Amino acid sequence: MIRSQSYCFLGITITIYFFFCLLPLPNTFASPPTQSLCRHDQRDALLELQKEFPIPSVILQNPWNKGIDCCSWGGVTCDAILGEVISLKLYFLSTASTSLKSSSALFKLQHLTHLDLSNCNLQGEIPSSIENLSHLTHLDLSTNHLVGEVPASIGNLNQLEYIDLRGNHLRGNIPTSFANLTKLSLLDLHENNFTGGDIVLSNLTSLAILDLSSNHFKSFFSADLSGLHNLEQIFGNENSFVGLFPASLLKISSLDKIQLSQNQFEGPIDFGNTSSSSRLTMLDISHNNFIGRVPSSLSKLVNLELLDLSHNNFRGLSPRSISKLVNLTSLDISYNKLEGQVPYFIWKPSNLQSVDLSHNSFFDLGKSVEVVNGAKLVGLNLGSNSLQGPIPQWICNFRFVFFLDLSDNRFTGSIPQCLKNSTDFNTLNLRNNSLSGFLPELCMDSTMLRSLDVSYNNFVGKLPKSLMNCQDMEFLNVRGNKIKDTFPFWLGSRKSLMVLVLRSNAFYGPVYNSTTYLGFPRLSIIDISNNDFVGSLPQDYFANWTEMATVWDINRLNYARNTSSRTIQYGGLQTIQRSNYVGDNFNMHADSMDLAYKGVDTDFNRIFRGFKVIDFSGNRFSGHIPRSIGLLSELLHLNLSGNAFTGNIPPSLANITNLETLDLSRNNLSGEIPRSLGNLSFLSNINFSHNHLQGFVPRSTQFGTQNCSSFVGNPGLYGLDEICRESHHVPVPTSQQHDGSSSELEEPVLNWIAAAIAFGPGVFCGFVIGHIFTSYKHLWFIAR
């Protein structure tokens, strides 16, 4: 009995075991299918799509091959049970331009829930037949070349949770049908040409992230937004929004980030409607037209970590309400009309790491304070105010200051010696003050200093050789002081140095030493003009300046233009992702300089790393211009004017194909202007005046558009008719020149004399040729 029961139990156990073995495995146990999972209609639709949407097999990890289960193809995901294609991710995979047509095979994949065609070189309009993909929850068509209006049919895809259309050329209004997308949690329309329709978004109660930035919106949500109770981040920067600040945003307790910079909002601002449970950590309303005082109600935003009120018209004393924002790590109220004393709370222990108060009218740093060790300040910008008196010693008590900008103020006295003991300095900008004395021996105990700008002061003495220890030095500007020293050959070994400006000091002596390696392998900009440098330069002088022959891999830019940058946030600090510019530490700073560029004094607020400049003007250099200058193929600006260079203009200059400015004026150059310079297509400013040049001026568009003054002082030049709009003849020696009336009388006489001289030989040659012809005429006929 017991045995039979045991057999019965064993039989049941085996039956249950085989039953579970026959069940399909869940998708969690992802192993390659032993048989084809993909449905034939789905496979055929994908193969048809491949014909209209070029996808090179070489860039697919798993190529689309008819003999392979389509569910294992690259970018394709299928339902594990039904074999329907539910996800298609082909981002970055199309190498040729294509457009989505209404009849596209894509719309046969009607079970798709995820569609990602970002960065696929798509062109044309979004077809209305996209509504066939009724199961879509995620749609990403970002970073393409799509045009036209967004089809209203997208509003029928009521399962959508995610729409990303950024980085296209879409225009018009947001379709009213978007009000049906009640499950939508992310909508990204960044960088298009939308102009309106944002009012419909007030119905999207599931929205968590909304990005309308970089469009042409004008009216901002006339409807109440407080119903968007799930909204966490809103980006509306770089539009044309007008009117008052949308106070209804402050009622949304879930909101974490508000970015409304670079619009045309105006009027006073009030934060009185702020929710008591506000989670707001970032508020950026910079670059608008807000007026009045910074409101005291700002203190209600107790969780703020980043506050940017810069580039507005706020006025009055510094706002004390900010001192109550105990979580604040980054504060920017630059470019306003604030005045009085610098707010005291920035000197006290807090979480503040970066503070930018520049371009205001602060005139008092406050009484001497003892900065306690709890202060975490890393970046401080007080530039372009009216601060005066000596730089206080206690500024050195900030143990971790990484960046300090006191430029464009009225500071006097010497640089505090304690600064040389600061071990964490990366950037020190004291430009345009009335500081005097000697430069301190910086980089004695630290090698972190990357940028030093002490231009436009009254410093004397020599350039401190301790700067040789600054291993990371990229930028050094001592322009407009009274420094008397020889050329700093010892800086040539700094492999990081990109910008060296010694202009308008009292530097003297040669800039070449046969026993010293010149170095400067990464130098992009050197301006040593208006000093007392002398001597000749060897022909291989520029051979080691390899950076000026290196192509910077970016499209040509307008270097003086201050273009926008993408910001990345680390904690409370914002760093700028702008490696294309010299000085990329904080968004409050980029290295800047002024330069005589294209004949005009130009301020460069940011310095593009591909900007290559040599300015040796206003010295006493002699000898020939080195041929090796032609090796610097990426040089944009060359100024050797106001020296004593002799010899010919080196033809190798024609190898500098990107050259935009060439100034060789006020030298002793001779010979002809190389015709090959006329082939420099970017050359827009030329000055060869006041030399001893002769011969024809090259005929080209670049030379033909120059001012006549670019060639004056060269009596041997001719061919300037088109440039100077007047007749230029081959010059006659002074002793043979006469006044105009005498020349007119002599001209007919000279013409008759010339005719008589030519008549005699002409008659003689005629007789000789005639005799030969008549003597040998019969032989010619025989030969024929």
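First residue shown is number 1, and so on along the chain.
Backbone N, Cα and C atoms are what each Cβ position is placed from, and that goes for glycine too.
Annotated features, as they stand in Swiss-Prot:
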type	residues	note
SIGNAL	1-30	signal peptide
TOPO_DOM	31-752	topological domain 'Extracellular'
REPEAT	109-133	repeat 'LRR 1'
CARBOHYD	Asn132	N-linked glycosylation site
REPEAT	182-204	repeat 'LRR 4'
CARBOHYD	Asn203	N-linked glycosylation site
REPEAT	252-276	repeat 'LRR 7'
CARBOHYD	Asn273	N-linked glycosylation site
REPEAT	302-324	repeat 'LRR 9'
CARBOHYD	Asn327	N-linked glycosylation site
REPEAT	351-373	repeat 'LRR 11'
REPEAT	402-422	repeat 'LRR 13'
CARBOHYD	Asn421	N-linked glycosylation site
CARBOHYD	Asn432	N-linked glycosylation site
REPEAT	447-470	repeat 'LRR 15'
REPEAT	472-496	repeat 'LRR 16'
REPEAT	497-518	repeat 'LRR 17'
CARBOHYD	Asn544	N-linked glycosylation site
CARBOHYD	Asn562	N-linked glycosylation site
REPEAT	608-632	repeat 'LRR 19'
REPEAT	633-656	repeat 'LRR 20'
CARBOHYD	Asn655	N-linked glycosylation site
REPEAT	657-680	repeat 'LRR 21'
CARBOHYD	Asn668	N-linked glycosylation site
CARBOHYD	Asn679	N-linked glycosylation site
CARBOHYD	Asn707	N-linked glycosylation site
TRANSMEM	753-773	transmembrane segment
TOPO_DOM	774-784	topological domain 'Cytoplasmic'
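Neighbour density at the Cβ, taken as the number of other Cβ atoms within 10 Å, is lowest among the glycosylation sites Asn432, Asn544 for Asn544. In the repeat 'LRR 21' (657-680), the DSSP tally of helix, strand and coil residues is 5 helix, 7 strand, 12 coil.
Ranked by Cα separation from Asn432 (N-linked glycosylation site), the glycosylation sites Asn132, Asn421, Asn544, Asn655, Asn679 are led by Asn421. When Cβ neighbours within 10 Å are tallied across all protein chains shown, the highest count among the glycosylation sites Asn273, Asn655 belongs to Asn655. Taking every protein chain shown into account, Asn203, Asn679 are the glycosylation sites, and of these the Cβ with the most other Cβ atoms within 10 Å belongs to Asn203. The most densely surrounded of the glycosylation sites Asn132, Asn421, Asn668 is Asn132 (count of other Cβ atoms within 10 A of its Cβ). Under 8 Å from some Cβ of the repeat 'LRR 19' (608-632) lie the Cβ atoms of residues 498, 503, 511, 524-543, 545, 547-549, 551-552, 554, 557, 559, 579-582, 595-597, 638-656, 663-664, 669, all in the same chain and six or more residues away from its ends.
A Cβ distance under 8 Å defines the sequence-distant neighbours of the repeat 'LRR 16' (472-496), meaning residues of its chain 6+ beyond its ends; these are 426, 431, 439, 447-463, 465, 502-511, 513, 516-522, 527-528, 533, 582-583, 591, 593.
Looking at the repeat 'LRR 4' (182-204) alone, the prediction's average pLDDT is 90.
Long-range C-beta contacts of Asn707 (N-linked glycosylation site), restricted to its own chain and to partners at least six residues apart, with a cutoff below 8 Å, comprise Ile723.
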